[in-house]
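Before any comments, here is the structure.
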């Protein structure tokens, strides 16, 4: 079992309110990812779950028992640190065995568990080496091994992949996912990389300035972001935003600013009935923008001038000037476009997001 | 202007003089650059050292060149009761102070390694005993141990722990304890600051990882902090041993080797015999007797440093 419940968690560092009233229920066997920009409180939250940081108020419970006052060693958790935190003076074997030795396991059992973990991670050859003789990826595996051998109730990961190069990171990400499927241990994972969050998490917790912005499955966050921050943070390239004023003409709603004027599709218009005459933020993802052709006649369209063409092979990113602002569109790699071209761009009507201009919450 | 520019060019184009060509050769250049160091080391270390050895095998005194006497001086001092006391004292003094300096220094370093208000100030403050000239601070200590004016006695008396005066520097054992206390007081900052520097190179994540792994505080110290700090500790201890073994100032100021020659160390006894009594050759023999021990310590240190570097 490994059910973790956070109830009204707060953390103050002197006068800084680092984590604000976090409530979360993490189910057994679930892989939950905390994601957000640096300083958003995600690592602090993780360290509070680990017991490395005292909580200022609230309750943390693991499998129904409040662990606020328990030392890290008594919480039955294992943690993988950003810099691996391998003991430099011990061999790989001893690094992995350390936790079991401290817990007074039988020598045979220690041996069995270390070899088993080494086998799972493919580091059986390295057991006699010292950490400094290992590559970054190997160190990462040893750090994982040290967590696995303990068979804890919960794994805690603190940006474990951020020190690896891009290629290795992708590879380790896949292995982590496989490992979780195989072991089925509850995992809480902290990262600032939204791709890691989307690919690894059963559920993702987006944080900003110590406040949980949204909790949900990856696609839920992607398709129904709760506010402008989540919409902009999840997805790459980021969502385009345009401040527009909502007006009514001939029974339909129009959104306009200096650069664009579009007729809002019915579904969006429904939601904006109460905002006529006011300013709202229109959000649209780059892949929901297309170069308009005859099929898009009834889609909202606007004019744009291409400023930069980024050829990625599988797609082309167009940086376009729309009125005063810049928008990015992701278009088919076959599109024939050049810098300076004037385009008519169509929006996929069902994929339009709108946010309140003041609160930035989704409307 | 124009003329000087022209002459500059001619100078540059002229074939370099022989001396300059020699300096282009790296072997010669290395030698030339080393000369000042060689001269300084030779004048102030090698020459006095060799003079000391030559002196120790003669019978010279102040005002008397003396004759070659072989190892007679060494034979004499090894049969000298005070010399034996001095040898014993030096080992005791070095051993006891080093243990205490290490223990207290490590404890202090661990405390200073924590986060607290006024951390920077405290760290600087700790260094004071190390910064004050030893002779001055030792004079202050001498006052505190003075049989008549002793602030220590006053304190102990008013705390009700003693009824009469303690003659700190008049009793052989107490005098030894006193100089040991002063040496510890003076040496702890060096240990504390050096070990603190060592502690700061150890990532706090390691301790956290060990805490999660189930290690209790003293286990974290024993399995993580201590082994990782060991290289620094070794170097600091060896430096301190060399310093303490050849210590002079504290004993000279506090007791002058007394009472009744009970607190002499190698250095103070060598000074008393060589300069005080004027038996230059015998004094040289006494100070040379320190050499084998210090040599051994230096060898150990060099070997250890090399091993750590290789690892």
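Note that Cβ sites are derived from N, Cα and C of the backbone, with glycine treated the same way.
Remember, predicted model here, so these are calculated numbers, not experimental data.
Beyond its flanks by at least six residues, the transmembrane segment (B:28-50) meets 22 of its own chain at Cβ-Cβ distances under 8 Å. Taken from TrEMBL, the feature transmembrane segment covers B:28-50 (among others).
Under the heading domain 'ABC transmembrane type-1', TrEMBL lists B:87-301.
Residues or ranges marked as transmembrane segment by TrEMBL: B:91-112 (among others).
Long-range contacts of the transmembrane segment (B:124-145) within its own chain (CB-CB distance under 8 A, at least 6 residues past either end) are made by residues 108, 112, 151-152, 168-169, 178, 181-182, 185-186, 188-190, 192-193, 249-250, 253-254. Residues annotated as transmembrane segment in TrEMBL: B:124-145 (among others).
Taken from TrEMBL, the feature transmembrane segment applies to B:151-168 (among others).
Annotation comment: TrEMBL describes B:180-201 (among others) as transmembrane segment.
Counting only same-chain residues 6+ beyond the ends of the transmembrane segment (B:221-242), those with a CB under 8 A from a CB of the stretch are 94, 98, 101-102, 105-106, 110, 187, 190-191, 194-195, 197-199, 202, 206-207, 210, 215, 294, 297-298, 300-301, 304-305, 308. Sequence annotations record features per position, and here TrEMBL assigns transmembrane segment to B:221-242 (among others).
What TrEMBL lists as transmembrane segment is B:249-271 (among others). Under 8 Å from some Cβ of the transmembrane segment (B:249-271) lie the Cβ atoms of residues 82-83, 85-87, 89-90, 93, 134-135, 138-139, 141-142, 145, 169-172, 175-176, 178-179, 182-183, 186, 283-284, 286-287, 289-290, all in the same chain and six or more residues away from its ends.
Annotation comment: TrEMBL describes B:283-305 (among others) as transmembrane segment.
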Tertiary contacts of the transmembrane segment (B:91-112) (same chain, 6+ residues out, Cβ under 8 Å): 119, 122-123, 126, 176, 179-180, 183-184, 187-196, 198-199, 225, 233, 236-237, 240-241, 244-245, 247, 265
Remote residues contacting the transmembrane segment (B:180-201) - C-beta distance under 8 A, at least 6 residues beyond either end: 93, 96-97, 100-102, 104-106, 108-110, 112-113, 123, 126-130, 134, 137-138, 141, 225, 229, 231-233, 235-236, 240, 243-244, 247, 250, 254
